[in-house]
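Chemist: Before we start, here is the structure in question, set down as structure tokens.
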Amino acid sequence: MSFDRTLKIAPSILSADFANFGAECEAIEAQGADWVHVDVMDGQFVPNITFGPATCAAIRPHIRGIMDVHLMITPVDPFVDAFAQAGADVITAHVEAGPHIHRTLQAIRGAGAKAGVALNPGTPASAVEYLLDMVDLVCVMTVNPGFGGQKFIHSQIDKVRQLRAMIGDRPVHIEIDGGVDPVTAPLVAQAGADVLVAGSAVFRGGSVGQPQVYGDNIKAIRAAATGTYV
Ligand code: DX5
Ligand code: ZN
């Protein structure tokens, strides 16, 4: 997994057909997805439950590219190895998920995965200041985690700008998660984000039987986001 800052679209399978994850992952990759974003929720850190490492392992053979696992769980550390063994390329933990995020990030890299740190909307950019040399990705939540289809929180754009300046030349991605669509994508791309997670805006209107809709949705987000650079 080499580093570059070209814009990447990471559809979240939280908005996919849960009975058909394998085919859904294959469909979004065939339709232009760069990464596949996998939302793990425990009903404790967030008020919703999705699935765990066994499902990630089952999905893995259906993803050719990057499997980007977003852990919305607490505690994190006892499960890091299981998600790494399930084939996660990136494992992202929340800075709010426990008292020892530094140790958690060490454990993620120690397990052989890329390490991501996520910030809830109420958490300032400064929370990751002393973590930037030990992460591969900072995820800025632009909704409160737990559910797809929520409204983008505009105050987070300034946080993205701050993080971009803090990161400087470090090979660290800035990922945006929540409420990304063709209207909000250019706002965060312009502020310095390079990985855009999108659930409802990618899966809306499509299915494994109508996968070209996914492709059109991905293209619309990418065009809107990259158009800001011209
Ligand atoms: C929210 C999840 C997101 C979510 C995004 O807790 O982490 O990945 O699926 O969904 P949309 O794009 O619909 O806001
Ligand atoms: Zn997510």
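Placement of Cβ uses the backbone N, Cα and C atoms for every residue, glycine included.
Bear in mind that TrEMBL entries carry predicted annotations, made automatically and left uncurated.
What TrEMBL records for this protein is below:
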BINDING   SER12, HIS70, GLY146, PHE147, GLY148, GLY149, ASP177, GLY178, GLY179, GLY199, SER200  substrate binding site
BINDING   HIS37, ASP39, HIS70, ASP177  divalent metal cation binding site
ACT_SITE  ASP39  active site, proton acceptor
ACT_SITE  ASP177  active site, proton donor
Chemist: Measure from the Cα of GLY146 (substrate binding site) to the Cα of every one of the binding-site residues HIS37, ASP39, HIS70, then give the nearest.
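Modeler: Answer for the nearest of the binding-site residues: ASP39.
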Chemist: In three-state terms from DSSP, label SER200 (substrate binding site) for me.
Modeler: helix
Chemist: Are there residues of the same chain, six or more positions away from GLY148 (substrate binding site), whose CB falls under 8 angstroms from its CB, and which are they?
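Modeler: In sequence order, the residues whose Cβ lies under 8 Å from that of GLY148 (substrate binding site) (at least 6 apart) are SER12, LEU14, SER15, GLY199, SER200.
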Chemist: Taking ligand 2 as the reference and 6 angstroms as the Cβ limit (strictly under), which binding-site residues among ASP39, GLY146, GLY148, GLY179 are close?
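Modeler: ASP39, by Cβ distance under 6 Å.
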Chemist: Are there any residues at least 6 positions away along the chain from HIS70 (divalent metal cation binding site) with a Cβ closer than 8 Å to its Cβ? List them or say none.
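Modeler: Listed in sequence order: HIS37, VAL38, ASP39, VAL40, THR92, GLY116, ALA118, CYS139, ASP177, VAL197.
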Chemist: Within the same chain, and leaving aside HIS37, ASP39, HIS70, ASP177, name every residue whose CB is within 8 angstroms of the centroid of the CB atoms belonging to the recorded divalent metal cation site, in sequence order.
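Modeler: Near the divalent metal cation site, the remaining chain residues are ALA10, SER12, LEU14, VAL38, ASP68, VAL69, THR92, CYS139, VAL197, GLY199.
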Chemist: Sequence gap of 6 or more, Cβ distance under 8 Å: name the residues on the same chain that satisfy this around GLY179 (substrate binding site), in order along the sequence.
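Modeler: Same-chain residues close to GLY179 (substrate binding site) (Cβ under 8 Å, separated by 6 or more) are THR142, VAL143, GLN150, LYS151, PHE152, ILE153.
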Chemist: Using DSSP, would you call GLY179 (substrate binding site) helix, strand or coil?
Modeler: coil
Chemist: At 10 angstroms around each C-beta, which of the binding-site residues SER12, SER200 has the fewest other C-beta atoms nearby?
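Modeler: Minimum Cβ neighbour count within 10 Å, taken over the binding-site residues SER12, SER200, occurs at SER200.
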